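If you check TrEMBL, you get these features:
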TRANSMEM  12-33  transmembrane segment
TRANSMEM  39-57  transmembrane segment
Amino acid sequence: MSSDPRSWTAGIVGFALAVLVACWALQLAAGLLLDALPILGPVAGLVVVGWAGWRYVNRPRGW
């Protein structure tokens with residue numbers, strides 16, 4: 001690290017701003033996910049049912 005206090009301070013401020021931006025992005029993503037949950041739940045259920053049906057139809061023939 002250089003001995004210039006200005007660059008040291010700029011590094012700390014830059015890191016703090018990066019943390020703030022990351023927190024804001026996570027908060028935005030969490031809000032969007034909460035808004036999408038009423039649709040994601042049934043869609044996930046349909047995907048699981050479809051996947052299970054596909055596995056059942058294409059199961060290996062045995063006994």
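Quick reminder: no glycine exception, Cβ is built from N, Cα and C everywhere.
Because TrEMBL annotations are produced automatically, they should be read as predictions rather than curated entries.
Beyond the transmembrane segment (12-33), the same-chain residues lying 6 or more positions past its ends with a Cβ under 8 Å from any Cβ of the stretch are 40.
Beyond the transmembrane segment (39-57), the same-chain residues lying 6 or more positions past its ends with a Cβ under 8 Å from any Cβ of the stretch are 33.
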